[in-house]
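Some notes on the structure that comes next.
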2 protein chains.
Amino acid sequence: MLVTLSGDGVQVVGIHITEFSEYLLIVLVLILIVSLFRIMFAKIPQKLKVMPESGVVIILGCIIGLILFGAGVGEHELLTFNSEVFFLLLIPPVIFESGYHLNNVAFFTNIRLILLYALVGTFINTVSVGICIWLLNPLFIIKLGLAEALTFGALISAVDPVAVIAIFDEVHVNQTLNILVFGESVLNDAVSIVLYSVFSALIHVNHITWVVPGLALSKFFWVAIGGLIMGILFGLACSFLTRFTNGHEIVFLEPIFVAIFAMLAFVVAEILLMSGIVSVLFAGIVMSRYVEMNVGYKSHLAIKYMVNAAAIVADTLIFTYLGISTIFHIVEGDVWDPALICFTLIFIIVFRFILVFVITFFENRVRLDKVSLRDQFIISYGGLRGAIAFALAFLLDEEEVDARGHIITATLVVIWFTVFIMGTTIKPVLSLLNVRRSQDRKQRLAEKTFTYPVQNILSCVNIISGHAQQAWYMYIWHWIDHQITFICVRKLHEGEEELLNTLTKQRKDQPAEAPQNVNMSRMNKNLRNRDPKKRQSQEVSMTDLGNRLNASMNIPLTESHRMGSTMGERDNF
Amino acid sequence: MLVTLSGDGVQVVGIHITEFSEYLLIVLVLILIVSLFRIMFAKIPQKLKVMPESGVVIILGCIIGLILFGAGVGEHELLTFNSEVFFLLLIPPVIFESGYHLNNVAFFTNIRLILLYALVGTFINTVSVGICIWLLNPLFIIKLGLAEALTFGALISAVDPVAVIAIFDEVHVNQTLNILVFGESVLNDAVSIVLYSVFSALIHVNHITWVVPGLALSKFFWVAIGGLIMGILFGLACSFLTRFTNGHEIVFLEPIFVAIFAMLAFVVAEILLMSGIVSVLFAGIVMSRYVEMNVGYKSHLAIKYMVNAAAIVADTLIFTYLGISTIFHIVEGDVWDPALICFTLIFIIVFRFILVFVITFFENRVRLDKVSLRDQFIISYGGLRGAIAFALAFLLDEEEVDARGHIITATLVVIWFTVFIMGTTIKPVLSLLNVRRSQDRKQRLAEKTFTYPVQNILSCVNIISGHAQQAWYMYIWHWIDHQITFICVRKLHEGEEELLNTLTKQRKDQPAEAPQNVNMSRMNKNLRNRDPKKRQSQEVSMTDLGNRLNASMNIPLTESHRMGSTMGERDNF
């Protein structure tokens, strides 16, 4: 477009918009709008917030969608900002932030139950919902085949980490509950995607052999374990690189490296048909350990700002996009199947409740810290669906699946229902059930004084009674951790090293910390390995040293940092 | 592209690259490569660096270009990363960083000489080079018309801020010299672009009326003053917004706002056919004053990291792109015109030297702090050409300008010559001429103790003798500054305000600072305006308060910060 006010061929005043500058402008304005919206929302008093923020953002998206529709923008033009771009650019920041600020101890302590929910729960949920929908076929406008119904079951069973993070960030439940819901929502993605791709591939296959289950299983390993390995590799590569980023000017590149490797972990995994979500989650977990050991306090802050800001913007854009898509999907018309919608809603709620209670029942028999019935109720209740279910529904082949429109509508209704009804009522339900919440208030002096010794005594009792999980895998983990630290983490000066040793020893004397996460071997090795030639001359300030000490012992920098930041709960300052 | 290893329709292992994921991957890997390169370069001992970093990066670009060419990538495919994307995405970060870390005092103290260089110097340079090239027409392979020659003169006169920043970042010349070269290089862009667009518009106009000079002049005002206003507006908008970004979670959005408004300042100005470079420069200057007054110390650090990292990556990518383009342009063949190249080189060097010496001669007659002959030599010598000249040459219309290929080659040779020969020799030349360098070493105690009182005495003498520029425009500026601060900067709590007042008064007693940049009016106004209802309840920590005090008095946070950071010299920690 070229508007001019000119004479003799010389253009004085005008507008010159090219395709790219228009695109750039739209993106910038969109980010600006969602950021402004976050500010407005933050300024609303806590009391007036009856609806979860993600719900309000979806409504905002609907309004934008209506405006766009009124302005005559067709669905076709909207596709420039299509679901692939959306998936590749917006999902990674949200998941990475969660991984980076994940409470590793809580996550790995509860890993068995999380995996049970994510693997067994999601699988049974998918099959149950799929088969029930298939059995009720005569009631629906467009009949679904078994493969189609199972595909639908797979996509509708994908509990969405973005939605879960958005809601559970606002209601402060206790740490265990938090990590159970969040951990499941992240890891079940791999299962859902595998089941989805297997079932959707079978929709128009007439002759199904016994090879299929084997293929499905190997695909599962490829998607889940492949994503895991990919994430760890990219996380380690980034950690290794940040070993060399100290020095004038290049220290500023540290956040860039974190961002690039996080994106690479996701994109490369997706290209190799692995789970990008699992990959970027584990990249975040690895980086939060080893990158943080390398970088100084200022870089730590800069990385935190970047990770959080990207997550906030991406998260808001995802829900805005959901709102816009809802409008554009509804105006298409002829996509409503009330029976399908109703039964889907009933099935996903009923089966989720049954599965959570059954799985937890068996888990509680071997578990020390039992999951209470109240917590189980909240875990069932917090199974929100969101962007991933929508993206998977959207990706269905229009030619192969006749009921695509109906499936998308049903998915959207489920998303709206879980985000609005369940998201809005979860706070009252928590109060009603009197569920243990996380502590927002500052600790009293007495608590500060006594909590730590009491914890120490408890963990001593655990160790003596043989209940503490000081198992063989912890020794293996310490050995691996020591090797990685040796390769990926900067060497210290001699003086600093001794200081770190002394401090570490002091803390080591406090038994609560030591068994879990101190890699003492590294300290001892460093002490022995004092060849000055091997040591690089690198400047580490005292602040950095303290930071490093904290990182190496998995103790957060401030009490609020990382300890209380499960579920991507961002630090408050 | 879809590679599969599958059975029964179920794809297990495979590669699935879409257009977008491929594009994303290329961009990520490219950023990774240039970042790695910066790290490698930073690890080379200072002694071994005979060539400026930008030169080495161009060579790296050439190598990448050769590899791409060898891999059979055509120029057509390279255009996906075309000069418009390049211009819109990479130039703003570099210029913004310079504006944000600009030494405002030095810049505005020398503004007259900078403007003389940028306006008068560039205009005469363009016309002289253009006419001389036109007069030598018979010697060239393809004859250039007068308008074509003048267009070439305009684009080849554009001293490039990116190249200048890259080189002068490495050689630490004194502050005045620094700001003169940098200020000129940024502001002459507007003149060059105006002259370029006027002359290039006249290439195929046969009948030139007297309206043209008038149009050219009005276009100049539109481009330069429009860009200035646009930059200030976006800078103020961002400052106003950051007034409201305090609070849990949304504090992380502060760097995002800075980035968005910087990009918007550039893109909107370019769309309105103004100078994006001037716009983003002034957006940076405005933000460095008012945004910094709003944000806390942590956000200050995060913004600094983001701005610096973006500048480093963009700067490196620009030179890499120059290298790649050189290869792809050369392999086109038949683009060499030795006579044109030789005479261009001679003219740009000779005319630059003449003009700098003549302009400075007149300026020195009214200037207190004379610019020495040595400094004049370095200013002439530091007139490096770079990305902007290249972009302008590239934008010439292939059908209208027959000699486009020759012009691009000549421009590339000039860029290579100035970056390599002048960039490499500038350090020895500085040593040879014994030019006053900026102090890299830490100040001794005696210096710390005595510098400040001596400066105070000197400025007192200046004020008494009537030489200090306490002119009417300073009062206007203080009034405007006070109004802006009132609107755009967060209100303080009562206690904090009194503290700020006391501290400000203390500093006010030291006359060296006060006349230049303290907005005392705001302090007094705040003292009077103590209606608690009007005051927002906002949390400002003590660190923030000190930060604010510093920002409001234009005193840098640390000695190295902002004071020694003219020319985008990044802080060293």
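Every residue number used here counts from 1 along the chain in the order it is shown.
Cβ atoms are placed via backbone N, Cα and C, with glycine included.
Residues or ranges marked as transmembrane segment in TrEMBL: B:23-42, B:54-73, B:85-102, B:114-136, B:193-213, B:220-244, B:256-286, B:307-330, B:336-362, B:378-396, B:408-435. What TrEMBL records for B:36-430 is domain 'Cation/H+ exchanger transmembrane'. The annotation region 'Disordered' is assigned in TrEMBL to B:504-573. Among the features that TrEMBL reports, compositional bias 'Basic and acidic residues' is placed at B:528-537.
Contact between the transmembrane segment (B:408-435) and the transmembrane segment (B:336-362) is supported by 3 or more Cβ pairs under 8 Å, counting only residues 6 or more apart in sequence. When Cβ-Cβ distances under 8 Å to the transmembrane segment (B:114-136) are tallied for each of B:23-42, B:85-102, B:193-213, B:336-362, the top count falls to B:336-362. Annotation: stretch B:256-286 has the most Cβ pairs under 8 Å to the transmembrane segment (B:85-102), among B:23-42, B:54-73, B:193-213, B:256-286.
Residues 122-123, 126, 130, 145, 147-148, 150-151, 153-155, 157-158, 219-220, 223-224, 275, 392, 396-397, 400-401 of the same chain lie 6+ residues outside the transmembrane segment (B:193-213) yet bring a C-beta within less than 8 angstroms of a C-beta in it. Under 8 Å from some Cβ of the transmembrane segment (B:54-73) lie the Cβ atoms of residues 34, 37, 41, 163, 166-167, 315-316, 319-328, 331, 386, 416, 419-420, 423-424, all in the same chain and six or more residues away from its ends. Sequence-remote contacts of a segment are chain residues at least 6 beyond its ends whose Cβ falls under 8 Å from one of its Cβ atoms, and for the transmembrane segment (B:336-362) they are 113, 116-117, 120-121, 124-125, 128-129, 132-133, 136, 139-142, 152, 156-157, 371, 376-377, 379-380, 383, 385, 403, 406-407, 409-410, 413-414, 417. If you look at the transmembrane segment (B:23-42), the same-chain residues 6 or more away from its ends with a CB under 8 A from one of its CBs are 17, 53, 56-57, 60, 80, 312-313, 316-317, 320.
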